[in-house]
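Asker: I'd like to ask some things about the structure below.
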């Protein structure tokens, strides 16, 4: 079966899609797209699974929910998410097995208005949307409202187990990829939470287990990871996946390696590989043949994903557990992370910087639309009615 037949695309706002050739203000649902305060952009949801898993009366299904780009300026998160999607819709045997047994729901851009407008951290209305998960407003934070409503509906569905929620971000001061998690009193849940980043560190040379941090920092109370970790079922593990804007350290050579678009995408593919290993170890994929358990993955473009194994034993003691503020939150000294301040290229002017960022954001929006248009999609009726709008502002808090 073609991988495209395993992909279902819907708009969480339930709006009729507008042909890009139509003139502004002539939307088929009668709502003008030309009003600045009511931008009417789609909030895309991609469901990747075998069609048989969408049978609501079938056996209980496991759902993995992935989101990205809640902060518009964190462009690396889109490349990680793109790599994850590209691999999951490929014909690779691992992707096929994952689709057969699991349901992946991906919201690739939680803040489409902010991305389009070139904001760094906020929505059009000036909100940091990753601090609004506790009580999102349909009017002020519609993308968070709709996504949370969908997650709560899935959580209340007796035929669904939401196993993972992963929100992808980019970090402006720290190196490598790493995760933030929660503090759980339940020892079994805490052990399951530590297992996934431990596996990811074995397959991704750019992922740092020592930097992975589980905390209950009060400054992060309104984030998706903290809020959903407290209200979803105990089976659900919630993470923030961070990736550096700059580079990662090779653990064997201690060499600083700059990130590229391909290296970000590779982390996304390795994220998929980690789900495969996690569920294989758990027994969910126990019916897979041993020939499918390979040590490397090739992307749809035959680009190899590294199989990096620094330690074969799952050393959970490397994960940081903190009750107070994250030790990484307060450090802004670039030199602490192996970067020479003098070597950082500064833009010639703020105007050049803004133009480059707007072009960067436009290119990513264009690529996302190309990905969605290339899929064989059908619209699912259980969508949510909301209007996407948000506004400029700057926040000092990190993701």
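For all residues, glycine too, the Cβ spot is worked out from N, Cα and C.
Worth saying up front: this structure is predicted, and the values here are computed from it rather than measured.
Per TrEMBL, the feature domain 'Peptidase M14' maps to 5-275. Taken from TrEMBL, the feature active site, proton donor/acceptor covers 242. If you look up TrEMBL, you'll see 321-341 marked as region 'Disordered'. Under the heading compositional bias 'Basic and acidic residues', TrEMBL lists 322-333.
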Asker: Near residue 242 (active site, proton donor/acceptor), how many other Cβ atoms are within 10 Å of its Cβ?
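Answerer: Within a 10 Å radius of the Cβ of residue 242 (active site, proton donor/acceptor) lie 28 other Cβ atoms.
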Asker: Taking the domain 'Peptidase M14' (5-275) alone, what is its mean pLDDT?
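Answerer: Computed over the domain 'Peptidase M14' (5-275), the mean pLDDT is 89 on the 0 to 100 scale.
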